[in-house]
């Protein structure tokens, strides 16, 4: 039996052939010699094959998410309650003291998934005292207008 160096990736055809050979009663040693792979590789493969009910199985291309649905909702809620918060500040609000849930990048990704992109709200100028007084005077002057008077505005 020859042993390959490093990790062995079995093709889909090889996987089906191994499964068929095992169903026909062939021994792991025979299959290992035929495919030139270590017997432990077959043991691991067959264990996964049985767990997946004979399906080839999907390969996972990414890690499991760090946050759950509830944490994602809390991230979005914290950002909506105060849109001026940065990602690290949202992280401080969401995670308990001393145990961060995720990184700042994860926070930004969760906000992007919710349609909230890295844009801060525009700072609006304050209303000056003079303008405030003019607005109050206008509102008091028009306080007792009738419906017909308001209908003539635009």
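Each residue, glycine too, has its Cβ placed from N, Cα and C.
Taken from TrEMBL as is:
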REGION    52-104  region 'Disordered'
DOMAIN    72-144  domain 'Transposase Tc1-like'
As a quick check of your reading of DSSP, tell me how many residues in the domain 'Transposase Tc1-like' (72-144) are helical, how many are strand and how many are coil.
41 helix, 0 strand, 32 coil
Between 0 and 100, where does the mean pLDDT of the domain 'Transposase Tc1-like' (72-144) sit?
87
